[in-house]
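One structure is given below, encoded as C-alpha cells.
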Amino acid sequence: MRTIDDLQVAGHRVLVRSDLNVPLDRSGDTPRITDDGRVRASVPTISALLDRGARVVVSSHLGRPKGEPDPKYSLEPVAGRLAELLGRPVAFAGDGSGDIAGAHAREVVAGLGDGEVALLENLRFAAGETSKDAAIRAAFADELSALAEFYVGDAFGAVHRAHASVADVPKRLPHAAGRLVLTELEVLRRLSSDPARPYSVVLGGSKVSDKLGVIRALLPKVDALLVGGGMCFTFLAALGHGVGGSLLETEMIETCKELLAEGGERIVLPTDVVVADRFAADADTAVVAADAIPAGWLGLDIGPASTELFAARLAGAATVFWNGPMGVFELAPFAAGTRGVAEAVAAGKGFSVVGGGDSAAAVRTLGIPEDAFSHISTGGGASLEYLEGKTLPGLAALDV
C-alpha cells in the first residue's frame, strides 16, 4: 500500500477523502461542532500534503442526507474548524446544490495555489456517492477524479463502504493511503495478530446481531470477553434469566447459548444491572441482580458490582479493545457503567484501543482524557469489519 511519501505532489491537485462526519448542535443560530475528534484526526495527512506544496481538495460526507442537498448537513461549519486546526484558510467549494464537483467547485479548485486547500460540499448531497447502481456511482467518481491529479484515501471510518469517493475514485487516479488510515491499520493488526496477553475485549452496544461477526472472530483469540450494553440481556436470556422489558433479540438466544458454550468462563456477563420503570432521565431506578430483573422494567446500564468486576478483569490486561457503551450513557442515571469501564481501560498499563463510534463519543462526553488511551479509533463499523476479517472496499482500492 503506497503512502503519501511515495507521491510527488508539489504543485499538483490532490483529492483527499477524509472523514469529517462530526456531530453538530443546530440549536443556535450557527451550527456548532460538539465533537471535533474526526476533524483533528484528518489534519496530519492534510498538513503533510500542504507542507509539500500540494493543492489539496478535501472531501467528506456528513450524516445521511439521502442523495440530495440538505442545509443542515452542509460541511460549511466544518470548514471553519478545519481552518483553525490547519492554521491557514480553507476555501469552501459548496454552493448549496447537489453538484458537488460542478462549475463552482471547479472554479474554486482552479484558484488554489501551492500549499492551499479547499473543502468540497457534503459528498452525500450527490446521489452518485452511495448509489447501488455501479454506472451512476462511476459517473460521480469521474466528476470527482476530474478535480485532481492524485487521490489520498484517509477516511478510515468509511473504508467499509463501497461508495464512489472511497472505492471508485482510487481506480482512476494515482493513489496512496493517508496517515490516519495507516495508523488505524497498524493498531488493528496489533489486535488481530499475536496481541500481548492477557487480552481483554469489552463489547457493548444494543444488539448481539451487530457484533456477532466480531465476537466469533475474536472469541478464539481473547482471554476475556466482557459483555455489557443492551446486548448483554440476550446473553442473560440464553442463561435462562428473565430480562423484564429490556432489549432482547429472541432470534439470537440460541446463538448466544452456542457462544457461551464455546467461550466458557472467558465470557464475562454482568452480575447486576441498573433498571428503570421507563426510558427517561427522571425514571424510577433500582440496582438489581442480573437474574432478578422485575417484569416490565428496563435494564439500561450494568450495575456497580459488574463495573467493579469488569474493572478488575481489565486491570491486568496487556491488550484491551473496547467497543460499545455499557449503558445509555447519554442519560445521567445510566452513565456510571460506561464511565467505570472507560476509566478502567484508561488506567491500564497495557495497549488500549477505543473502537470508535459511541465508545469514542462516550470518552469525550464523560471528559476522560483522550491521551490516557493508546488509540481512539475513528472507525466504528470499519474497525469491527476489519477484525472480522472482511475485505473492506476502501482498503482494497488503495492496495493496488
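The backbone N, Cα and C atoms fix where each Cβ goes, and this holds for glycine too.
Note that this is a predicted model, so its numbers are computed, not measured.
Look at Swiss-Prot and you will find Asp19, Leu20, Asn21, Arg38, His61, Leu62, Gly63, Arg64, Arg124, Arg161 tagged as substrate binding site, backed by sequence analysis. What Swiss-Prot lists as ATP binding site is Lys211, Gly299, Glu330, Gly356, Gly357, Asp358, Ser359, and the listing cites sequence analysis.
Close to the recorded substrate site, the chain also has Ser60, Asn122, Leu123, Gly157, Ala158: residues not among Asp19, Leu20, Asn21, Arg38, His61, Leu62, Gly63, Arg64, Arg124, Arg161 whose Cβ is within 8 Å of the site's Cβ mean position. Cα of Gly357 (ATP binding site) to Cα of Asn21 (substrate binding site): a span of 11 Å. Distance noted between the C-alpha atoms of Gly299 (ATP binding site) and Gly63 (substrate binding site) is 29 Å. Using CA atoms as reference points, the binding-site residues Lys211, Asp358, Ser359 were checked against Asn21 (substrate binding site), and the closest is Asp358. Of all the binding-site residues in the record (Lys211, Asp358, Ser359), the one with the smallest CA separation from Arg124 (substrate binding site) is Asp358. Under the three-state DSSP scheme, Gly63 (substrate binding site) falls in the coil class.
Ranking the binding-site residues Asp19, Glu330, Asp358 by C-beta neighbours within 10 Å puts Asp19 at the top.
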